[in-house]
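Copied from TrEMBL, the annotated features are:
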- B:12-32: transmembrane segment (TRANSMEM)
- B:37-55: transmembrane segment (TRANSMEM)
- B:61-84: transmembrane segment (TRANSMEM)
- B:96-116: transmembrane segment (TRANSMEM)
- B:136-158: transmembrane segment (TRANSMEM)
- B:192-213: transmembrane segment (TRANSMEM)
- B:225-249: transmembrane segment (TRANSMEM)
- B:256-276: transmembrane segment (TRANSMEM)
Amino acid sequence: MLTVRGLSAGYDAVDVLHAVDITARAGELTVVLGANGSGKTTMFRTISGIVRPSAGSIDFDGRQLPDLSADSIVKAGLAHCPEGRHLFAKMPVEKNLMLGGYVRRRNRGRVRELLEHVYELFPILHDKRHQPAGTLSGGQQQMAAIGRSLMSDPSLLILDEPSMGLAPLVTAQVLDAVAQINRDGIGVLLAEQNAQTALRIGHHGFVLAEGRVVLSGTASELLDHPDVREAYLGV
Amino acid sequence: MTLFIQQLFDGLALGGVYCLAAIGLTLIFGVLRIPNLAHGTLYMLGAYVTYFFLVTVGVPYVAAIGLAAVVLAVIGVLLERIVFHPLRNAPHTHHMIAAVGAMFFFQAVAQAIWGADFRRMESPISGSVTILGAQISWQRIVIVVTAVIVLGLLTWFIKRSIHGQTIEAIEQDRTGSSLVGISPSRVSMLTFGLAAALATVAAGLVAPINLLAPTMGDALSLKVFAIIILGGLGSLPGAIVGGFTLALAEVMTSTYVSAAAGEGIAFVVIVLVLAIRPTGLFARAVQR
Ligand SMILES: Nc1ncnc2c1ncn2[C@@H]1O[C@H](COP(=O)(O)OP(=O)(O)OP(=O)(O)O)[C@@H](O)[C@H]1O
Ligand SMILES: [Mg+2]
């Protein structure tokens with residue numbers, strides 16, 4: 001379980017996040033909504049140790065993440081699949097996945113299992129395993145990025161706009177896979193522009209605006225909330 | 001024809017040495033995006049430390065090179081920790097100034113310990129064989145064979161072992177690397193250690209042919225920079241092809257044109273390549 005309390009963070013001493021409180025319960029799918037520039041990516045980057053917070057606490061299963069280095073955070077079971085994917089473009093798909101298991105490298109058996117599991121989830125990655133990741137289609141690259149994150153055997157997976165730049169049909173495929181990952185027992189913290197689809201597969205949700213949480217509730221509460229309907233569902 | 005074969009072997013031996021020295025430089029560039037101007041002085045120290053083990057301590061030649069490589073790997077890691085790590089968020093000019101500082105420091109250390117005069121390291125491998133009528137010294141054969149073995153092991157390490165793969169991962173995507181739990185700081189240390197060890201192997205192999213002096217790294221430094229620019233900054237195959245190309249061009253020009261032209265050929269080749277392919281022969285498609 002991830003508990004973020006009073007989190008402020010930003011770039012060059014200017015805060016982008018202002019006292020954010022967010023909770024992602026173990027095994028649940030938590031959705032983060034927010035307009036462009038509202039601070040979703042910054043929040044995720046702070047949780048995974050790339051951006052240092054200026055105030056607040058981030059507790060993950062009893063450990064304070066800001067005290068840990070980025071690699072210890074991955075080892076603790078938190079994986080972050082970033083906006084823009086950040087794959088190793090010139091390496092084959094399989095090498096990308098194996099590097100995803102870098103923090104589990106001492107446990108070869110587990111890494112094998114995880115790899116098989118990723119190939120089951122995304123059979124296309126198995127077909128393309130020898131191809132450089134940069135030559136895959138956008139949707140396939142997103143699957144490779146999610147697969148690489150799963151290789152670290154996380155209990156919580158942060159997904160930052162996995163459908164960005166994808167056609168509607170591919171978006172649906174990717175979000176189906178996200179729902180499947182969550183059904184397999186992995187907690188998910190998902191930022192998504194397709195609010196409706198995201199809330200349908202989610203349990204809880206938060207809405208960020210200008211670096212503050214302005215609304216939170218269960219997924220169905222948010223789906224029915226007039227502000228959400230107006231801002232994100234175009235009703 | 002005999003002369004040509006002779007020169008071909010000289011060129012291959014020199015090429016092996018250039019490759020080993022250039023690969024470290026190109027790896028450091030790929031990982032840290034800085035030109036390590038102190039690289040030539042690591043090569044120089046590598047030669048002196050090999051000399052120390054071989055002549056002063058009296059261990060066998062190959063063991064002396066191995067021990068020197070280990071010592072230099074430690075020095076490379078220390079250089080990264082003490083000089084470059086604290087500057088990791090500073091502008092690139094700071095790195096260059098620091099590298100020049102390290103260069104003078106290493107030269108002063110070598111001069112204080114071993115003096116400014118040239119020293120000769122006797123070739124422990126004597127004799128020669130006749131191949132197709134040409135006399136090839138065993139030392140040159142040892143250089144070529146060792147270079148090929150070391151390059152093979154290195155390629156295996158970087159492409160196949162998970163630790164070596166982290167070097168390419170950082171080169172290709174820093175953010176992606178951090179997010180899978182690769183520590184950039186560990187990879188920087190690994191790269192510096194490896195680079196210094198490779199430069200030492202190069203220096204130890206060539207030392208019996210050349211003379212040792214605290215300034216011996218300067219000329220090499222210019223050439224390895226030429227090689228990695230030629231091959232494409234950060235590219236491993238580029239450094240290998242660039243190293244052999246330059247060495248062969250140098251040896252052949254010295255023989256068939258003039259020694260002075262041989263020394264200058266590196267820069268002629270660079271100017272030509274940069275005019276035709278400004279990114280180098282093996283430009284990396286992914287730059288960030
Ligand atoms: N590296 C950076 N340096 C400086 N400012 C940044 C940086 N990254 C983001 N910002 C600023 O922080 C604010 C929040 O950006 P962030 O990327 O966190 O928003 P987001 O909710 O993820 O937006 P989007 O939906 O477009 O991805 C924006 O005003 C942005 O300009
Ligand atoms: Mg974002």
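Don't overthink the numbers, they just go from 1 along the chain as shown.
The backbone N, Cα and C atoms fix where each Cβ goes, glycine too.
Worth saying up front: this structure is predicted, and the values here are computed from it rather than measured.
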Ask   = Which one of these stretches, B:12-32, B:37-55, B:96-116, has the most C-beta pairs shorter than 8 Å to the transmembrane segment (B:136-158)?
value = B:12-32
Cβ-based contact of the transmembrane segment (B:192-213) with the transmembrane segment (B:61-84), 3 or more pairs under 8 Å = yes
Query = Among the recorded stretches B:96-116, B:225-249, B:256-276, which has the greatest number of Cβ pairs closer than 8 Å to the transmembrane segment (B:12-32)?
reply = B:225-249
Query = Looking only at residues six or more beyond either end of the transmembrane segment (B:37-55), which have a C-beta under 8 A from one in the stretch?
reply = 21, 24-25, 28, 61, 63-65, 67-69, 71-72, 75-76, 79, 96, 99-100, 102-103, 106-107, 109-110, 113-114, 119, 121, 124, 195-196, 199-204, 206-207, 212-222, 224
